[in-house]
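**Student:** Please read through the structure below; I'll follow up with questions.
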Amino acid sequence: MTAFFDGIAPVTYKGPDGDGDLAYRHYDPDRVVLGKRLEDHLRFAVAYWHSFAWQGGDPFGGQTFERPWFGDTMEDARLKADVAFELFDLLGVPFFCFHDADVRPEGASFAETTRNLEEIVDVFARKMETSATRLLWGTANLFSHRRYMAGAATNPDPEVFAYAAATVKTCMDATHRLGGENYVLWGGREGYETLLNTDLKREMDQMGRFLSMVVEYKHKIGFAGTILVEPKPQEPTKHQYDHDVATVYGFLKAYGLEGEVKVNIEQGHAILAGHSFEHEIALATALGVFGSIDMNRNDYQSGWDTDQFPNNVPEVALAYYEILKAGGFTTGGTNFDAKLRRQSLDPADLVAAHVGAMDVCARGLIAAAAMLADGSLAEAVAARYRGWQMPWAERMLASPLDAIADLVATENVSPRPVSGQQERLENLVNRFV
Ligand code: 3MF
Ligand code: MG
(Lines of atoms letter the chains of each structure in order from A and count residues from 1; the text may use other names and numbers.)
(Lines give C-alpha, C1' and ligand atoms only; values in the text may rest on other atoms or scores of the structure.)
(Ligands and ions follow the chains in the order given, each with its own letter.)
Protein backbone atom coordinates (compact mmCIF):
# COMPACT_ATOMS: atom_id res chain seq x y z
CA MET A 1 0.00 0.00 0.00
CA THR A 2 1.14 3.55 -0.74
CA ALA A 3 0.30 6.39 1.64
CA PHE A 4 -1.57 8.41 -0.99
CA PHE A 5 -5.13 7.61 0.10
CA ASP A 6 -4.26 7.30 3.80
CA GLY A 7 -7.32 7.70 6.00
CA ILE A 8 -9.82 7.02 3.20
CA ALA A 9 -11.86 3.87 3.66
CA PRO A 10 -13.26 1.76 0.80
CA VAL A 11 -16.41 3.44 -0.51
CA THR A 12 -19.59 1.48 0.14
CA TYR A 13 -23.30 1.95 -0.44
CA LYS A 14 -24.86 3.66 2.57
CA GLY A 15 -28.24 4.67 1.12
CA PRO A 16 -29.67 8.16 0.50
CA ASP A 17 -29.32 9.18 4.16
CA GLY A 18 -25.85 7.67 4.78
CA ASP A 19 -23.12 9.61 6.60
CA GLY A 20 -20.08 11.35 5.06
CA ASP A 21 -19.39 12.46 1.51
CA LEU A 22 -17.30 9.44 0.53
CA ALA A 23 -20.21 7.00 0.41
CA TYR A 24 -22.55 5.87 -2.34
CA ARG A 25 -26.05 7.13 -1.77
CA HIS A 26 -27.59 5.78 -4.98
CA TYR A 27 -25.02 3.43 -6.53
CA ASP A 28 -25.75 0.08 -4.94
CA PRO A 29 -23.84 -2.24 -7.29
CA ASP A 30 -26.00 -5.23 -6.32
CA ARG A 31 -29.36 -3.53 -6.77
CA VAL A 32 -31.25 -5.31 -9.53
CA VAL A 33 -32.88 -3.07 -12.13
CA LEU A 34 -34.68 -4.56 -15.13
CA GLY A 35 -33.27 -7.97 -14.23
CA LYS A 36 -29.62 -6.88 -14.07
CA ARG A 37 -27.29 -5.61 -11.28
CA LEU A 38 -26.52 -1.88 -11.43
CA GLU A 39 -22.80 -2.65 -11.68
CA ASP A 40 -23.45 -4.77 -14.79
CA HIS A 41 -25.68 -2.09 -16.35
CA LEU A 42 -23.36 0.85 -15.81
CA ARG A 43 -19.94 -0.80 -16.23
CA PHE A 44 -18.01 2.14 -14.74
CA ALA A 45 -14.41 2.80 -15.70
CA VAL A 46 -11.79 5.18 -14.27
CA ALA A 47 -9.76 7.05 -16.93
CA TYR A 48 -6.03 6.81 -16.15
CA TRP A 49 -5.10 9.99 -18.02
CA HIS A 50 -7.21 12.52 -16.16
CA SER A 51 -6.93 10.92 -12.73
CA PHE A 52 -3.23 10.03 -12.66
CA ALA A 53 -1.35 11.64 -15.56
CA TRP A 54 -2.88 15.12 -15.86
CA GLN A 55 -0.99 17.61 -13.71
CA GLY A 56 -3.59 20.36 -13.42
CA GLY A 57 -2.44 22.58 -16.28
CA ASP A 58 -4.65 24.78 -18.44
CA PRO A 59 -3.81 27.12 -21.36
CA PHE A 60 -2.85 29.85 -18.87
CA GLY A 61 -0.88 27.98 -16.26
CA GLY A 62 0.95 24.75 -15.55
CA GLN A 63 0.92 22.10 -12.92
CA THR A 64 -1.14 22.61 -9.78
CA PHE A 65 -1.20 19.03 -8.48
CA GLU A 66 1.73 17.57 -6.57
CA ARG A 67 1.74 13.80 -6.87
CA PRO A 68 4.65 11.66 -5.74
CA TRP A 69 4.66 9.80 -9.11
CA PHE A 70 5.05 12.87 -11.37
CA GLY A 71 8.28 12.25 -13.25
CA ASP A 72 9.42 10.17 -16.19
CA THR A 73 11.16 7.18 -14.67
CA MET A 74 9.87 3.62 -14.58
CA GLU A 75 9.84 3.89 -10.80
CA ASP A 76 7.36 6.79 -11.10
CA ALA A 77 5.25 4.71 -13.50
CA ARG A 78 5.16 1.79 -11.06
CA LEU A 79 4.15 4.05 -8.16
CA LYS A 80 1.43 5.55 -10.37
CA ALA A 81 0.14 2.04 -11.11
CA ASP A 82 0.10 1.21 -7.38
CA VAL A 83 -1.96 4.32 -6.60
CA ALA A 84 -4.25 3.75 -9.59
CA PHE A 85 -5.17 0.25 -8.47
CA GLU A 86 -5.65 1.56 -4.93
CA LEU A 87 -8.25 4.01 -6.28
CA PHE A 88 -9.93 1.25 -8.35
CA ASP A 89 -10.15 -0.92 -5.23
CA LEU A 90 -11.35 1.94 -2.98
CA LEU A 91 -14.15 2.75 -5.43
CA GLY A 92 -14.92 -0.85 -6.34
CA VAL A 93 -15.02 0.09 -10.04
CA PRO A 94 -15.21 -2.85 -12.44
CA PHE A 95 -13.05 -1.23 -15.17
CA PHE A 96 -10.29 1.22 -16.09
CA CYS A 97 -9.05 2.68 -19.41
CA PHE A 98 -5.61 3.94 -20.43
CA HIS A 99 -3.43 5.35 -23.22
CA ASP A 100 0.15 4.06 -23.55
CA ALA A 101 1.49 7.55 -22.71
CA ASP A 102 -0.48 7.67 -19.43
CA VAL A 103 1.18 4.61 -17.99
CA ARG A 104 4.80 4.53 -19.20
CA PRO A 105 7.61 7.02 -19.80
CA GLU A 106 8.58 7.73 -23.41
CA GLY A 107 11.92 6.04 -24.18
CA ALA A 108 14.83 7.28 -26.28
CA SER A 109 13.73 5.01 -29.16
CA PHE A 110 10.61 3.18 -30.31
CA ALA A 111 12.09 -0.06 -28.94
CA GLU A 112 12.70 1.43 -25.51
CA THR A 113 9.23 3.00 -25.41
CA THR A 114 7.73 -0.39 -26.26
CA ARG A 115 9.80 -2.13 -23.55
CA ASN A 116 8.58 0.43 -21.02
CA LEU A 117 4.97 -0.22 -22.02
CA GLU A 118 5.41 -3.98 -21.84
CA GLU A 119 6.94 -3.74 -18.38
CA ILE A 120 3.98 -1.74 -17.06
CA VAL A 121 1.55 -4.12 -18.77
CA ASP A 122 3.23 -6.89 -16.76
CA VAL A 123 2.68 -4.83 -13.60
CA PHE A 124 -1.02 -4.38 -14.52
CA ALA A 125 -1.40 -8.08 -15.30
CA ARG A 126 -0.05 -9.03 -11.86
CA LYS A 127 -2.32 -6.50 -10.13
CA MET A 128 -5.34 -7.73 -12.08
CA GLU A 129 -4.82 -11.22 -10.68
CA THR A 130 -5.95 -9.96 -7.27
CA SER A 131 -7.99 -6.84 -8.16
CA ALA A 132 -11.60 -7.10 -9.36
CA THR A 133 -10.96 -4.28 -11.88
CA ARG A 134 -10.71 -5.24 -15.56
CA LEU A 135 -9.75 -3.30 -18.66
CA LEU A 136 -12.65 -1.64 -20.51
CA TRP A 137 -10.37 -0.33 -23.24
CA GLY A 138 -6.85 0.54 -24.18
CA THR A 139 -5.74 3.16 -26.70
CA ALA A 140 -2.68 4.90 -28.12
CA ASN A 141 -1.91 8.54 -27.48
CA LEU A 142 -1.23 9.77 -31.02
CA PHE A 143 -1.68 13.46 -30.23
CA SER A 144 0.58 14.71 -27.40
CA HIS A 145 4.10 14.14 -28.75
CA ARG A 146 5.36 16.82 -31.17
CA ARG A 147 5.89 14.19 -33.90
CA TYR A 148 2.08 14.09 -34.18
CA MET A 149 1.54 17.86 -34.48
CA ALA A 150 0.31 17.43 -38.10
CA GLY A 151 -1.67 14.27 -37.37
CA ALA A 152 -0.89 10.57 -37.02
CA ALA A 153 -2.57 8.48 -39.76
CA THR A 154 -3.34 11.68 -41.70
CA ASN A 155 0.18 13.11 -41.47
CA PRO A 156 1.76 14.37 -44.72
CA ASP A 157 4.95 12.49 -43.67
CA PRO A 158 4.76 8.70 -44.24
CA GLU A 159 7.31 8.14 -41.44
CA VAL A 160 4.81 9.54 -38.95
CA PHE A 161 2.12 7.19 -40.35
CA ALA A 162 4.56 4.30 -39.85
CA TYR A 163 5.41 5.35 -36.29
CA ALA A 164 1.70 5.67 -35.45
CA ALA A 165 0.88 2.28 -36.98
CA ALA A 166 3.72 0.62 -35.05
CA THR A 167 2.54 2.31 -31.84
CA VAL A 168 -1.07 1.21 -32.32
CA LYS A 169 0.15 -2.37 -32.83
CA THR A 170 1.90 -2.27 -29.45
CA CYS A 171 -1.19 -0.80 -27.77
CA MET A 172 -3.50 -3.41 -29.32
CA ASP A 173 -1.09 -6.11 -28.09
CA ALA A 174 -1.19 -4.59 -24.59
CA THR A 175 -5.00 -4.36 -24.62
CA HIS A 176 -5.30 -7.95 -25.85
CA ARG A 177 -2.86 -9.24 -23.25
CA LEU A 178 -4.86 -7.56 -20.44
CA GLY A 179 -8.20 -8.95 -21.67
CA GLY A 180 -9.50 -5.52 -22.74
CA GLU A 181 -13.11 -5.51 -23.93
CA ASN A 182 -12.61 -2.77 -26.54
CA TYR A 183 -9.86 -0.87 -28.34
CA VAL A 184 -10.45 2.88 -28.89
CA LEU A 185 -9.18 5.30 -31.52
CA TRP A 186 -9.74 8.97 -30.97
CA GLY A 187 -8.37 11.01 -33.86
CA GLY A 188 -6.67 13.57 -31.64
CA ARG A 189 -4.93 15.48 -34.41
CA GLU A 190 -6.56 13.79 -37.40
CA GLY A 191 -7.88 16.96 -38.94
CA TYR A 192 -6.50 20.24 -40.19
CA GLU A 193 -5.70 23.75 -39.05
CA THR A 194 -6.01 25.25 -42.54
CA LEU A 195 -7.12 23.86 -45.89
CA LEU A 196 -4.36 25.96 -47.48
CA ASN A 197 -1.78 23.29 -46.56
CA THR A 198 -4.07 20.24 -46.58
CA ASP A 199 -4.88 17.53 -49.13
CA LEU A 200 -8.18 16.53 -47.56
CA LYS A 201 -8.90 13.57 -49.85
CA ARG A 202 -5.44 12.07 -49.37
CA GLU A 203 -5.70 12.44 -45.57
CA MET A 204 -9.13 10.77 -45.47
CA ASP A 205 -7.78 7.86 -47.55
CA GLN A 206 -4.78 7.47 -45.23
CA MET A 207 -7.13 7.38 -42.25
CA GLY A 208 -9.41 4.84 -43.93
CA ARG A 209 -6.45 2.56 -44.69
CA PHE A 210 -5.09 2.98 -41.15
CA LEU A 211 -8.41 1.93 -39.61
CA SER A 212 -8.62 -1.05 -41.97
CA MET A 213 -5.15 -2.14 -40.79
CA VAL A 214 -6.37 -1.96 -37.19
CA VAL A 215 -9.34 -4.19 -38.04
CA GLU A 216 -7.12 -6.64 -39.96
CA TYR A 217 -4.69 -6.83 -37.03
CA LYS A 218 -7.53 -7.39 -34.56
CA HIS A 219 -8.55 -10.50 -36.50
CA LYS A 220 -4.95 -11.61 -36.97
CA ILE A 221 -4.26 -11.74 -33.21
CA GLY A 222 -7.74 -13.01 -32.31
CA PHE A 223 -8.70 -9.95 -30.27
CA ALA A 224 -12.38 -10.48 -29.50
CA GLY A 225 -13.07 -6.92 -28.30
CA THR A 226 -14.78 -4.14 -30.23
CA ILE A 227 -12.89 -1.48 -32.19
CA LEU A 228 -14.33 1.93 -31.32
CA VAL A 229 -13.83 5.34 -32.93
CA GLU A 230 -14.50 8.37 -30.72
CA PRO A 231 -16.07 11.33 -32.58
CA LYS A 232 -15.15 14.94 -31.78
CA PRO A 233 -15.78 17.97 -34.02
CA GLN A 234 -12.84 20.23 -33.21
CA GLU A 235 -10.14 20.74 -30.58
CA PRO A 236 -7.25 20.30 -30.79
CA THR A 237 -7.48 20.80 -34.58
CA LYS A 238 -9.83 23.37 -36.09
CA HIS A 239 -11.64 20.61 -37.97
CA GLN A 240 -11.50 16.95 -36.97
CA TYR A 241 -12.39 14.29 -39.53
CA ASP A 242 -14.37 12.29 -36.89
CA HIS A 243 -16.75 15.25 -36.41
CA ASP A 244 -19.77 13.40 -34.95
CA VAL A 245 -21.58 10.05 -35.14
CA ALA A 246 -23.13 10.80 -38.53
CA THR A 247 -19.75 11.79 -40.00
CA VAL A 248 -18.03 8.71 -38.57
CA TYR A 249 -20.78 6.48 -39.97
CA GLY A 250 -20.33 8.00 -43.43
CA PHE A 251 -16.58 7.47 -43.11
CA LEU A 252 -17.02 3.82 -42.08
CA LYS A 253 -19.38 3.24 -45.03
CA ALA A 254 -16.94 4.89 -47.42
CA TYR A 255 -14.15 2.51 -46.36
CA GLY A 256 -16.34 -0.60 -45.91
CA LEU A 257 -15.83 -0.74 -42.14
CA GLU A 258 -19.39 -0.26 -40.86
CA GLY A 259 -19.69 -3.89 -39.79
CA GLU A 260 -16.37 -3.83 -37.94
CA VAL A 261 -16.13 -0.55 -36.05
CA LYS A 262 -18.47 1.09 -33.56
CA VAL A 263 -18.39 4.42 -31.72
CA ASN A 264 -17.37 5.62 -28.28
CA ILE A 265 -19.57 8.67 -27.68
CA GLU A 266 -18.49 11.41 -25.28
CA GLN A 267 -21.00 13.81 -23.74
CA GLY A 268 -18.70 16.82 -24.10
CA HIS A 269 -17.88 16.04 -27.72
CA ALA A 270 -21.58 15.75 -28.56
CA ILE A 271 -22.16 19.22 -27.09
CA LEU A 272 -19.19 20.66 -29.04
CA ALA A 273 -20.71 19.21 -32.23
CA GLY A 274 -23.99 21.03 -31.51
CA HIS A 275 -25.88 17.87 -30.53
CA SER A 276 -27.28 16.51 -27.31
CA PHE A 277 -25.63 13.41 -25.83
CA GLU A 278 -28.87 11.44 -26.27
CA HIS A 279 -29.02 12.45 -29.94
CA GLU A 280 -25.59 10.97 -30.62
CA ILE A 281 -26.48 7.77 -28.74
CA ALA A 282 -29.88 7.45 -30.45
CA LEU A 283 -28.28 7.91 -33.88
CA ALA A 284 -25.56 5.33 -33.15
CA THR A 285 -28.10 2.76 -31.92
CA ALA A 286 -30.30 3.44 -34.97
CA LEU A 287 -27.31 2.85 -37.29
CA GLY A 288 -26.13 -0.23 -35.38
CA VAL A 289 -22.78 1.28 -34.35
CA PHE A 290 -23.30 2.10 -30.69
CA GLY A 291 -20.39 0.88 -28.56
CA SER A 292 -19.51 2.76 -25.38
CA ILE A 293 -19.66 6.17 -23.67
CA ASP A 294 -17.20 8.66 -22.24
CA MET A 295 -19.24 10.21 -19.47
CA ASN A 296 -18.50 13.79 -18.52
CA ARG A 297 -20.06 17.19 -19.03
CA ASN A 298 -18.94 20.37 -20.69
CA ASP A 299 -19.55 23.80 -19.33
CA TYR A 300 -22.42 25.16 -21.44
CA GLN A 301 -21.02 28.68 -21.45
CA SER A 302 -17.33 28.14 -22.17
CA GLY A 303 -17.60 26.40 -25.58
CA TRP A 304 -14.60 24.13 -25.05
CA ASP A 305 -13.96 20.65 -23.79
CA THR A 306 -13.92 21.11 -20.01
CA ASP A 307 -14.24 17.37 -19.20
CA GLN A 308 -16.03 17.83 -15.88
CA PHE A 309 -17.49 15.00 -13.86
CA PRO A 310 -21.23 14.61 -14.62
CA ASN A 311 -23.68 16.17 -12.17
CA ASN A 312 -26.95 16.53 -14.06
CA VAL A 313 -29.31 13.64 -13.37
CA PRO A 314 -32.05 14.54 -15.90
CA GLU A 315 -29.47 14.76 -18.73
CA VAL A 316 -27.80 11.53 -17.76
CA ALA A 317 -31.21 9.82 -17.51
CA LEU A 318 -32.05 10.69 -21.14
CA ALA A 319 -28.71 9.25 -22.28
CA TYR A 320 -29.22 5.98 -20.40
CA TYR A 321 -32.82 5.83 -21.65
CA GLU A 322 -31.49 5.62 -25.22
CA ILE A 323 -28.91 3.02 -24.17
CA LEU A 324 -31.43 0.84 -22.29
CA LYS A 325 -33.99 1.14 -25.09
CA ALA A 326 -31.39 -0.37 -27.42
CA GLY A 327 -30.66 -3.25 -25.01
CA GLY A 328 -27.89 -1.75 -22.85
CA PHE A 329 -24.12 -2.06 -23.12
CA THR A 330 -22.50 -5.16 -24.58
CA THR A 331 -18.71 -4.69 -24.57
CA GLY A 332 -19.02 -0.96 -23.77
CA GLY A 333 -19.39 0.88 -20.49
CA THR A 334 -19.39 4.25 -18.73
CA ASN A 335 -15.85 5.67 -18.76
CA PHE A 336 -15.33 8.82 -16.70
CA ASP A 337 -13.32 10.85 -19.19
CA ALA A 338 -13.45 13.63 -16.61
CA LYS A 339 -10.92 15.59 -14.66
CA LEU A 340 -10.89 17.46 -11.38
CA ARG A 341 -10.88 21.23 -11.40
CA ARG A 342 -7.26 22.36 -11.03
CA GLN A 343 -7.87 23.71 -7.51
CA SER A 344 -9.08 20.30 -6.29
CA LEU A 345 -5.72 19.28 -4.90
CA ASP A 346 -6.57 16.64 -2.33
CA PRO A 347 -6.61 12.86 -2.81
CA ALA A 348 -10.10 12.95 -1.27
CA ASP A 349 -11.23 15.23 -4.14
CA LEU A 350 -10.34 12.50 -6.63
CA VAL A 351 -12.35 9.94 -4.69
CA ALA A 352 -15.30 12.31 -4.17
CA ALA A 353 -15.43 13.21 -7.87
CA HIS A 354 -15.89 9.56 -8.83
CA VAL A 355 -18.31 8.84 -5.98
CA GLY A 356 -20.53 11.75 -6.99
CA ALA A 357 -20.37 10.85 -10.68
CA MET A 358 -21.25 7.22 -9.99
CA ASP A 359 -24.22 8.31 -7.88
CA VAL A 360 -25.42 10.69 -10.62
CA CYS A 361 -25.18 7.91 -13.21
CA ALA A 362 -26.92 5.42 -10.93
CA ARG A 363 -29.81 7.86 -10.41
CA GLY A 364 -29.97 8.50 -14.13
CA LEU A 365 -30.00 4.82 -15.00
CA ILE A 366 -32.62 4.00 -12.37
CA ALA A 367 -34.82 6.82 -13.72
CA ALA A 368 -34.29 5.62 -17.30
CA ALA A 369 -35.19 2.06 -16.34
CA ALA A 370 -38.38 3.32 -14.69
CA MET A 371 -39.26 5.29 -17.85
CA LEU A 372 -38.73 2.16 -19.90
CA ALA A 373 -40.69 -0.10 -17.54
CA ASP A 374 -43.57 2.37 -17.38
CA GLY A 375 -43.79 2.31 -21.17
CA SER A 376 -45.88 5.51 -21.56
CA LEU A 377 -43.17 7.31 -23.53
CA ALA A 378 -42.69 4.40 -25.92
CA GLU A 379 -46.48 4.10 -26.27
CA ALA A 380 -46.79 7.79 -27.16
CA VAL A 381 -44.11 7.39 -29.84
CA ALA A 382 -45.75 4.24 -31.20
CA ALA A 383 -49.14 6.01 -31.31
CA ARG A 384 -47.60 8.90 -33.24
CA TYR A 385 -46.51 6.56 -36.06
CA ARG A 386 -49.54 4.25 -35.93
CA GLY A 387 -50.75 5.39 -39.36
CA TRP A 388 -47.79 3.59 -40.89
CA GLN A 389 -49.28 0.26 -39.84
CA MET A 390 -52.25 0.69 -42.20
CA PRO A 391 -51.95 -1.65 -45.21
CA TRP A 392 -52.25 1.25 -47.69
CA ALA A 393 -49.30 3.05 -46.04
CA GLU A 394 -47.10 -0.01 -46.31
CA ARG A 395 -48.14 -0.48 -49.95
CA MET A 396 -47.35 3.16 -50.65
CA LEU A 397 -43.69 2.71 -49.74
CA ALA A 398 -43.40 0.19 -52.56
CA SER A 399 -45.23 2.41 -55.09
CA PRO A 400 -43.86 4.98 -57.54
CA LEU A 401 -44.44 8.69 -57.09
CA ASP A 402 -47.12 8.98 -59.81
CA ALA A 403 -49.19 6.11 -58.34
CA ILE A 404 -49.20 7.94 -55.01
CA ALA A 405 -50.34 11.09 -56.81
CA ASP A 406 -53.25 9.13 -58.35
CA LEU A 407 -54.16 7.74 -54.94
CA VAL A 408 -54.19 11.20 -53.32
CA ALA A 409 -56.41 12.55 -56.12
CA THR A 410 -58.90 9.65 -56.32
CA GLU A 411 -59.22 9.04 -52.55
CA ASN A 412 -59.20 12.74 -51.74
CA VAL A 413 -56.37 12.28 -49.17
CA SER A 414 -56.34 15.29 -46.85
CA PRO A 415 -54.05 15.02 -43.78
CA ARG A 416 -55.29 16.38 -40.45
CA PRO A 417 -52.56 17.99 -38.27
CA VAL A 418 -52.20 16.44 -34.79
CA SER A 419 -50.40 17.60 -31.65
CA GLY A 420 -46.78 16.53 -31.09
CA GLN A 421 -47.49 16.72 -27.33
CA GLN A 422 -43.95 17.78 -26.46
CA GLU A 423 -44.86 19.48 -23.17
CA ARG A 424 -46.93 16.49 -22.03
CA LEU A 425 -44.01 14.18 -22.78
CA GLU A 426 -41.56 16.45 -20.98
CA ASN A 427 -43.90 16.43 -17.98
CA LEU A 428 -44.00 12.65 -18.19
CA VAL A 429 -40.18 12.44 -18.07
CA ASN A 430 -40.19 14.78 -15.08
CA ARG A 431 -42.14 12.17 -13.08
CA PHE A 432 -39.12 9.87 -13.24
CA VAL A 433 -36.13 12.20 -12.79
C1 3MF B 1 -10.29 14.01 -25.97
C2 3MF B 1 -10.75 12.72 -25.44
C3 3MF B 1 -9.69 11.69 -25.34
C4 3MF B 1 -10.19 10.33 -25.65
C5 3MF B 1 -9.07 9.37 -25.50
C6 3MF B 1 -9.39 8.01 -25.91
C7 3MF B 1 -7.89 12.25 -23.90
O8 3MF B 1 -11.25 14.97 -25.98
O9 3MF B 1 -11.89 12.55 -25.10
O10 3MF B 1 -9.17 11.72 -24.02
O11 3MF B 1 -11.27 9.94 -24.87
O12 3MF B 1 -8.00 9.78 -26.28
O13 3MF B 1 -9.97 7.94 -27.15
MG1 MG C 1 -13.09 10.91 -24.49
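Quick reminder: no glycine exception, Cβ is built from N, Cα and C everywhere.
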**Student:** Have a look through Glu193, Glu258, Glu260, Glu266 and flag the one TrEMBL assigns to the Mg(2+) 1 site that Glu230, Asp294, Asp337 belong to.
**Tutor:** Glu266
**Student:** Cα of Asp102 (active site) to Cα of Asp337 (Mg(2+) 1 binding site): how many Å, rounded?
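**Tutor:** Asp102 (active site) to Asp337 (Mg(2+) 1 binding site), Cα-Cα distance: 13 Å.
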**Student:** Output, ordered by sequence, the same-chain residues six or more apart from Glu266 (Mg(2+) 1 binding site) with a CB under 8 Å from its CB, or 'none'.
**Tutor:** Glu230, Pro231, Lys232, Ile293, Asp294, Met295, Asn296, Asp337
**Student:** Look at each of the recorded positions, His99, His269, and point out the one with the fewest other Cβ atoms around it within 10 Å.
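**Tutor:** The recorded positions His99, His269 were compared, and His99 has the fewest Cβ atoms within 10 Å.
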**Student:** Pick the one among the recorded positions Asp102, Asp305 whose Cβ has the fewest other Cβ atoms within 10 Å in this structure.
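**Tutor:** Least crowded of the recorded positions Asp102, Asp305, by Cβ count within 10 Å, is Asp305.
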**Student:** Tell me the Cβ contacts of Asp307 (Mg(2+) 2 binding site) under 8 Å, same chain only and six or more apart in sequence, or just say none.
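**Tutor:** Asp307 (Mg(2+) 2 binding site) has long-range Cβ partners His50, Gly268, Asn296, Asn298, Asp337, Ala338, Lys339.
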**Student:** What does the structure give for the C-alpha distance between His269 (Mg(2+) 2 binding site) and His99 (active site)? Integer Å is fine.
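**Tutor:** Taking the Cα atoms only, His269 (Mg(2+) 2 binding site) lies 19 Å from His99 (active site).
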**Student:** Can you tell me how far the Cα of His99 (active site) sits from the Cα of Asp305 (Mg(2+) 2 binding site), in Å?
**Tutor:** 19
